[in-house]
Amino acid sequence: MVKVGVNGFGRIGRLVTRAAFNSGKVDIVAINDPFIDLNYMVYMFQYDSTHGKFHGTVKAENGKLVINGKSISIFQERDPANIKWGDAGAEYVVESTGVFTTMEKAGAHLKGGAKRVIISAPSADAPMFVMGVNHEKYDNSLKIVSNASCTTNCLAPLAKVIHDNFGIVEGLMTTVHAITATQKTVDGPSGKLWRDGRGAAQNIIPASTGAAKAVGKVIPELNGKLTGMAFRVPTPNVSVVDLTCRLEKAAKYDDIKKVVKQASEGPLKGILGYTEDQVVSCDFNSDTHSSTFDAGAGIALNDHFVKLISWYDNEFGYSNRVVDLMVYMASKE
């Protein structure tokens with residue numbers, strides 16, 4: 001089992017740790033966060049407003065974080081190059097601060113003895129992998145990889161199934177996206193993106209997202225064929241993708257439902273879900289899929305032009321894929 005260090009104990013860092021303990025697929029051996037001391041880590045890991053209390057034991061003991069009886073080394077370094085991952089036995093590092101997202105910056109972890117780095121965010125220059133879509137293109141010459149974004153992880157599996165079966169001529173995506181930590185509780189300054197600084201709980205906020213264009217990086221045949229935007233809405237978690245696309249081959253909406261259902265039960269099982277239930281966003285809280293196709297919500301204008309809807313827990317689904325990507329990488333060592 002691969003030994004993992006986590007840099008940044010925020011939403012994704014904590015939930016990757018939860019996903020690791022829930023699944024038992026990887027071994028968390030170290031956590032670094034300069035802003036959260038050990039006792040605070042215990043509290044933050046145990047209690048979660050969105051996903052509920054951790055089902056297990058968590059305590060501080062002898063300067064370590066102990067989860068379900070397993071001791072985890074704690075570091076509080078600001079500079080990633082100073083974290084002694086090797087001493088803690090961490091082979092892979094999950095870079096989840098949101099700050100060190102380039103090859104150069106994330107590469108600092110290798111100086112402390114880590115063998116590989118998984119960036120839990122899109123990266124300008126690191127190769128991006130989406131489980132179920134292009135993870136098989138990974139090869140172990142790569143030291144630093146990106147798990148792309150939560151939205152790309154939702155959109156790409158659906159786009160792959162549609163493109164493989166009917167061909168996507170072009171498409172536009174909108175994600176109706178839950179609040180994240182980068183937003184403001186009340187109106188405040190926000191650099192160049194003025195709208196992003198408006199109160200998150202009070203507004204529907206149009207925002208940019210690179211998620212659709214990023215699909216072109218993980219599915220090269222779709223490069224230049226998709227783009228998209230986001231609406232940030234006042235919900236704490238769970239988002240939904242609306243993919244509106246023109247199809248090469250004519251398809252009835254029932255044909256689309258059929259191929260997505262088949263994929264969800266076959267090659268994309270556990271990654272792409274399928275439901276015909278009358279669901280709403282809360283129904284996907286703590287769901288581990290990257291994407292769940294909502295068969296009842298989509299519409300077709302004609303046999304070549306459709307709007308497809310897919311839900312995702314933007315925190316927990318994504319965190320589970322980070323774990324799955326590490327498991328896959330470890331299988332190639």
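Each Cβ is built from the backbone N, Cα and C atoms, and glycine gets one as well.
Of the residues S120, S123, S281, Swiss-Prot places S120 in the same NAD(+) site as R11, I12, D33, R78, N314. Of the residues T180, T185, T244, Swiss-Prot puts just one in the D-glyceraldehyde 3-phosphate site with S149, C150, T151, T209, G210, R232: T180. The stretch that Swiss-Prot tags with motif '[IL]-x-C-x-x-[DE] motif', taken from the ranges 171-176, 243-248, 255-260, 303-308, is 243-248. Each residue in T175, H177, A211, A230, S239, N314 lies on the same chain as S149, C150, T151, T180, T209, G210, R232 and has a C-beta within 8 Å of the C-beta centroid of that D-glyceraldehyde 3-phosphate site, without being one of the site residues. A mean pLDDT of 99 is what the model gives for the motif '[IL]-x-C-x-x-[DE] motif' (243-248).
For the region 'Interaction with WARS1' (1-146), the DSSP counts in helix, strand and coil order read 40 helix, 37 strand, 69 coil.
Among the modified residues K192, K225, the residue whose Cβ has the fewest other Cβ atoms within 10 Å is K192.
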